[in-house]
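Participant: I'd like to ask you about the structure that follows.
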Amino acid sequence: MGCTVSAEDKAAAERSKMIDKNLREDGEKAAREVKLLLLGAGESGKSTIVKQMKIIHEDGYSEEECRQYRAVVYSNTIQSIMAIVKAMGNLQIDFADPQRADDARQLFALSCAAEEQGMLPEDLSGVIRRLWADHGVQACFGRSREYQLNDSAAYYLNDLERIAQSDYIPTQQDVLRTRVKTTGIVETHFTFKDLHFKMFDVGGQRSERKKWIHCFEGVTAIIFCVALSAYDLVLAEDEEMNRMHESMKLFDSICNNKWFTDTSIILFLNKKDLFEEKITQSSLTICFPEYTGANKYDEAASYIQSKFEDLNKRKDTKEIYTHFTCATDTKNVQFVFDAVTDVIIKNNLKDCGLF
């Protein structure tokens with residue numbers, strides 16, 4: 001009898017060992033699967049981060065894929081110069097050279113067909129080049145916080161000669177700079193540091209936010225993007241609302257949401273390059289009247305960081321991992337994402353009882 005019990009005990013111990021091994025393997029597998037949700041207000045740089053993941057972790061854009069972005073580059077360039085010229089009327093800025101008024105008429109006459117065909121004809125590129133060189137147009141561009149203008153306007157317009165070539169193929173950087181409003185949810189998969197990432201980019205405009213909710217289940221981490229340079233801008237969809245205030249309101253609702261009690265929150269204070277250019281010209285008091293510091297990058301950026309981190313109501317149990325980013329700078333994003341991944345690995349292993 002004793003031998004029988006001993007054999008049963010041995011078999012039970014083996015089974016228990018096998019169950020433990022399976023549980024551990026399942027735990028390790030779960031720890032390697034990462035669901036990342038990219039959130040943030042419109043035009044905060046979420047889609048650019050997704051494009052960077054393709055460049056960094058998936059060998060970038062092929063020549064054919066780059067070619068497909070040509071029409072978007074043309075459209076962004078045309079839309080940018082049109083926005084500036086339209087704003088000149090509202091801001092009562094005159095062309096330095098009166099002949100540019102004819103070019104402006106030509107711009108509006110030619111642009112519709114060019115955008116529809118995904119082209120930049122020679123006559124239109126000449127019109128755009130002359131307009132962009134005008135001092136009145138440049139003065140209006142300098143006041144771009146007073147109207148809605150694509151962040152990449154100067155990037156494309158300054159490089160018009162290259163873009164207008166008949167054999168033009170967009171570079172990786174050109175692709176990164178393109179702006180297409182995200183509607184719905186864009187899912188990207190990639191592997192990094194033995195982790196299998198599923199990244200979800202959702203539209204930031206108010207009308208798109210109702211689509212977020214079904215993405216929330218089982219989220220490992222949220223990357224919340226904020227455009228630092230938007231502190232003196234209003235929303236495209238609500239011209240009464242400051243963009244930074246809208247971002248803070250949204251971050252508050254995400255950071256303190258009961259569904260995200262155990263979710264890592266990573267804060268990307270993005271567009272640091274544009275913010276550094278702008279802060280010396282446009283005071284932070286536009287957004288934060290109580291701000292008494294200098295209009296210098298380090299001090300102003302730290303102040304914005306503290307405003308966001310102070311929204312966290314569970315500081316004792318929840319940490320916000322903040323990074324200053326420039327989403328169009330591949331090296332910067334690579335460095336930051338490396339640090340983010342280390343945090344995710346540590347937190348995942350902790351959750352699975354393996355750390």
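The backbone N, Cα and C atoms fix where each Cβ goes, glycine too.
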Participant: With Swiss-Prot as the source, identify the stretch among 187-192, 235-240, 253-258, 325-330 annotated region 'G5 motif'.
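Facilitator: Spelled out, Swiss-Prot records region 'G5 motif' over residues 325-330, not the other listed ranges.
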Participant: Go through the binding-site residues LEU176, VAL180, VAL202, ASN270 and tell me which ones have a CA within 10 A of the CA of SER47 (Mg(2+) binding site).
Facilitator: LEU176, VAL180, VAL202
Participant: Return the average pLDDT for the region 'G4 motif' (266-273) as a whole number.
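Facilitator: Computed over the region 'G4 motif' (266-273), the mean pLDDT is 97 on the 0 to 100 scale.
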Participant: For VAL180 (GTP binding site), what is the secondary structure state per DSSP, taken as helix, strand or coil?
Facilitator: coil
Participant: Rank the binding-site residues LEU176, VAL180, ALA327 by the number of other Cβ atoms within 10 Å of each Cβ and report the first-ranked residue.
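Facilitator: The residue with the most neighbouring Cβ atoms within 10 Å is ALA327.
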Participant: Whole-number answer please: how many Å between the C-alpha atoms of THR182 (Mg(2+) binding site) and VAL202 (GTP binding site)?
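Facilitator: About 7 Å separates the two Cα atoms.
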Participant: According to DSSP, how is the region 'G5 motif' (325-330) divided among helix, strand and coil residues?
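Facilitator: Final tally across the stretch: 1 helix, 0 strand, 5 coil.
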